[in-house]
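Got a structure for you, questions after.
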Amino acid sequence: MGSLWSKISQLFVDAFTEFLVSVVDIAIFLAILFGFTVAGWLLVFLLRVVCSALLRSRSAIHSPELSKVL
């Protein structure tokens, strides 16, 4: 009977261990997903800053031509 109880207790320990491993795996996956999301936001922000700076520098160069058109 002792062997049966030890097998049952070992089964519960293994199941709980697998549960903890799956929780940690999900947390790691969500952290990676959040990291990619933040990296995407940063990339879009930098792209908008660069494009805005380029457009502002071009409009400053061609401002006399633009004033003739306007």
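If you go along the chain as it appears here, the first residue is 1 and each next one adds 1.
Note: Cβ is positioned from N, Cα and C throughout, glycine not excepted.
From a predicted model like this one, the values you see are computed outputs, not experimental measurements.
Annotated N-myristoyl glycine per Swiss-Prot: Gly2, in sequence order, evidence recorded as experimental evidence. The region 'Endoplasmic reticulum retention signal' feature in Swiss-Prot is assigned to 2-15. Swiss-Prot lists 2-25 with the feature topological domain 'Virion surface', giving sequence analysis as the kind of evidence. Per Swiss-Prot, the feature topological domain 'Intravirion' maps to 47-70; the stated evidence is sequence analysis. Per Swiss-Prot, the feature transmembrane segment maps to 26-46; the stated evidence is sequence analysis.
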Could you please provide the mean pLDDT value for the topological domain 'Intravirion' (47-70)?
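In the predicted model, the topological domain 'Intravirion' (47-70) has a mean pLDDT of 72.
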Counting across all protein chains shown, how many other Cβ atoms sit within 10 Å of the Cβ of Gly2 (N-myristoyl glycine)?
6
